[in-house]
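Notes to accompany the following structure.
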């Protein structure tokens, strides 16, 4: 017997409770997305093999939803994108950098509570 799961559990396309993920930033998009933004930008430098990064990731996704339209919140995989990680001295991960009008204005190395990142964003709004 074959059961059509989409019939049993239809996608919730119009559901406001669906959460979006943080923006994926790459070396190719960094300048336009981060440095040329008129909004505050938070960038989580991470890697798939990094345990603490998996703790910060969901927080970054929540911030992306919380600050939608007010700030840009993104993630940058350092294994695939090394240019800007090196340029900004990211030697340990997770590292979260905060930019305002193209300038680096904040840095958090290691895991922090959501409120730490939120305060950094709120201070720039």
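Positions of Cβ are set from backbone N, Cα and C atoms, glycine also.
Automatic prediction, not curation, is the source of TrEMBL annotations.
As recorded in TrEMBL:
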DOMAIN    1-125  domain 'Thioredoxin'
SITE      44  site 'Deprotonates C-terminal active site Cys'
DISULFID  50-53  disulfide bond
ACT_SITE  50  active site, nucleophile
SITE      51  site 'Contributes to redox potential value'
SITE      52  site 'Contributes to redox potential value'
ACT_SITE  53  active site, nucleophile
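Under the three-state DSSP scheme, residue 53 (disulfide bond) falls in the helix class. A simple Cβ count within 10 Å picks out one of the disulfide-bonded residues 50, 53 as the most packed, and that one is 53. In the three-state DSSP scheme, residue 44 (site 'Deprotonates C-terminal active site Cys') is classed as strand. When the alpha carbons of residue 50 (disulfide bond) and residue 44 (site 'Deprotonates C-terminal active site Cys') are compared, the span between them is 12 angstrom. The two recorded residues, residue 51 (site 'Contributes to redox potential value') and residue 44 (site 'Deprotonates C-terminal active site Cys'), show a Cα separation of 14 Å. Across the domain 'Thioredoxin' (1-125), DSSP assigns 43 helix, 27 strand, 55 coil. Sequence-distant neighbours of residue 52 (site 'Contributes to redox potential value') (same chain, six or more apart, CB under 8 Å from its CB) are 93, 94, 110, 111, listed in sequence order. Local packing around the Cβ, expressed as the count of other Cβ atoms within 10 angstroms, is greatest for 44 among the recorded sites 44, 51.
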